[in-house]
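Taken from Swiss-Prot, the feature ATP binding site applies to Lys10, Phe58, Arg86, Thr92, Arg103, Asn113. Taken from Swiss-Prot, the feature active site, pros-phosphohistidine intermediate covers His116.
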Amino acid sequence: MIQQTLCLIKPDATQRNLIGKILSHLEEAGLTIKALKKVQLNQEQAEGFYAEHQGKEFFAPLVEFMISAPIVAVVLEGENAIAHYRELMGATNPEQRKAGTIRALYAISGRENSVHGSDSEQSAKREIAYFFTPNEIL
């Protein structure tokens, strides 16, 4: 089934000029870029995007990290794109990352893990709509 999912290239990766490498990794794996924009989130936007985590101990540090530098929001499309991209991303936990995944290659820590990806079809729709209008997705 053809799906769309959201990829965020996080501040740790944008600051280290890894945008091109990460996008190449995704395209080489068969995902198509349908929309892309570089964004500087403010506190309110970051809190809104991660609202489901409000109240958790990692929420405030995550928001601070996400507003520390620009991010790149990308809509990816492909066969089973959500699961495919999550496999390419790798685990959040550094000890569980498989070699060759984006996070194994580029992450600095559990929080500074270079990329975000939608975890379900429902999340993908909500997250894509957070950054893109329908006519921005080509």
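From the backbone N, Cα and C atoms, a Cβ is placed for every residue, glycine too.
Swiss-Prot feature annotations superimposed on the structure.
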residue	record	Cβ contacts under 8 Å, 6 or more apart
Lys10	ATP binding site	Phe65, Met66, Ile71, Glu112, Asn113, Ser114, Val115, His116
Phe58	ATP binding site	Arg111
Arg86	ATP binding site	Gly117, Asp119
Thr92	ATP binding site	Arg103, Gly110, Asn113
Task: Enter the number of other CB atoms within 10 angstroms of the CB of Asn113 (ATP binding site).
output: 24
- prompt: According to DSSP, does Asn113 (ATP binding site) fall in a helix, a strand, or coil?
  reply: coil
Task: Let me know how many other Cβ atoms fall within 10 Å of the Cβ of Arg103 (ATP binding site).
output: 21
Message: Suppose we draw a 10 Å sphere around the Cβ of the residue listed as 'active site, pros-phosphohistidine intermediate'. How many other Cβ atoms does it contain, all chains included?
response: 19
Task: For the ATP site as recorded (Lys10, Phe58, Arg86, Thr92, Arg103, Asn113), determine the largest distance between any two Cα atoms, in Å, rounded to the nearest integer.
output: 21
